[in-house]
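Here TrEMBL flags 8-23 as compositional bias 'Basic and acidic residues'. Taken from TrEMBL, the feature compositional bias 'Polar residues' applies to 517-529. According to TrEMBL, the domain 'Catalase core' annotation covers 26-414. Per TrEMBL, region 'Disordered' is recorded for 1-30, 507-529.
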Ligand code: HDD
């Protein structure tokens, strides 16, 4: 088992895992405690005594339970899994975990929002972090990416400015987990390299339906290095097997109230149900000779490599199959770092990446309290590690012997270095020449062409969502000057876009003309993604005395394709059909809401009363307005008001098999954008 690494991380974590159930309560010194409800006092009504070491230890530990949250990506959720490569990538890289298809590499993946604090709602309009730690036999490799393939800025020195601008404004600490405020948009208008990323952030990508349904990107250009020392440029992609899907903005805002844990709950439940989230790892590869073949600089992190020009090859699959045992110990203490690479993977000179290589260790020093965070169980590599680093807060390793320096003779000069041929990491010997300058390459100066490419690639509905997002965000901005600057800036991307939101916010239309780019990239539109019904949640609105013979087979068939019908009625308990079928109720109208489901199946029931009717109609109307698939029995049709029954994605009554087939298709389609919402 150990040899293929499949469970090496789990085995390692188990050594540090403890189960307190059934055990005796003790102090941290192991002394059994006889009383845990009353502090030690001088007399029943007297003062507490200093010598109550149990009280003091318990209270002191409690007082120190919190650690600083991550400066960005504070709210996140993680899971364990494994990665398998499809076939050896030997031609391009010597990285051990990318050689052998029979090998499973343990991984730990943390998803996050960027701007909000640790307790914020998960449906914020924001990029999502997508960080993967591969516990390889050659050391930990971290792919610390986002669900957006480009970034706001081109040089890491601007990262503190960007983050200050998007975080809540310092004078009143508002708004939480939102970019719809003056300082963010002031930053954007005055740092126009952000145009491309802002287009993604205003698109549906920034409000994913699920962590299981979003792409991941390494963003930067990295290098693959093979056994011969030859380098290729590489971009990394994660493609979710379920396709890339989003919610709508009105829904996102409501979910934040109804269930601020929506994304983590979704991930947690999928894994608990055995619906393991899967992502394929894709790479775009360019030879060193091709570096200058494009109309963008491949070192510029505000640029993507269009998939139609440089295809994404799928090279492996990651499956998340185990929830954490303890969120603090694992999810909170995990420390990712783009600089954690293994032989076969190396950096490029992307100035954003270069700055990140400093920041991540630095931040862990304050967040995790010192230089020994690599010893925390979640961060330990599964291969041995030895060096002359010593001591520091919270040191756990007990290094034997007097030698803690290199070179030495007393320890036979060990721990010893390893040659490149035997697996020692050697940095790629890129030739570099230049003057020391604070400058940006001319080749980084086109900020709008790819932003227009993105706009051109959107479907009609996606474009409408982007216009609405700009109108919402800028509608919340108070400064008319900032609003106008943003309108003028995005006029460079698309006059249609900027004119539309200028109109919505009462600003002047943009002057001039846009970038003139006419090319589009179909891979960028979520309309063209994979569409599957699997794991979709359907609210089955049902009252007593329903028609069991009609409904039961539909529910069975939905389940057979992996759809999850949840029974929703007026009160918990069971609902009974006229023909003796009983269904256990999962939710009531009080505990659930249409925004928490992917689709609705209205069964109704003859005994339903007025309140039932009112609540069910509200529920259905809201789902309809979010373009969700709706199915209805003959009886359930009575809840479909305003000609909903003849709208796209609404399936009514009819022959059972045909009905179910159409309903499943409608659910797989995710949303029905061509619906007129009244
Ligand atoms: Fe970063 C966290 C992704 C630019 C500095 N970043 C962090 C996380 C993700 C990213 C997913 C959360 C890791 C986790 O789950 O623990 N960051 C990105 C991407 C970037 C990016 C895709 C651009 C391509 N980041 C970036 C820059 C800097 C940082 C330019 C600073 C120079 N990022 C940090 C950080 C964080 C972090 C302050 C906060 C918590 C942490 O590192 O561990 O160091």
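Using N, Cα and C of the backbone, Cβ positions are placed for all residues, glycine too.
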Folded-back contacts onto the compositional bias 'Basic and acidic residues' (8-23), same chain, C-beta under 8 angstroms, at least six residues removed: 1-2, 80, 106, 108, 135, 322, 325, 329-330, 377-378, 380, 382
Tally of residues which DSSP labels helix, strand or coil - the region 'Disordered' (1-30): 12 helix, 1 strand, 17 coil
Predicted model, mean pLDDT over the domain 'Catalase core' (26-414): 98
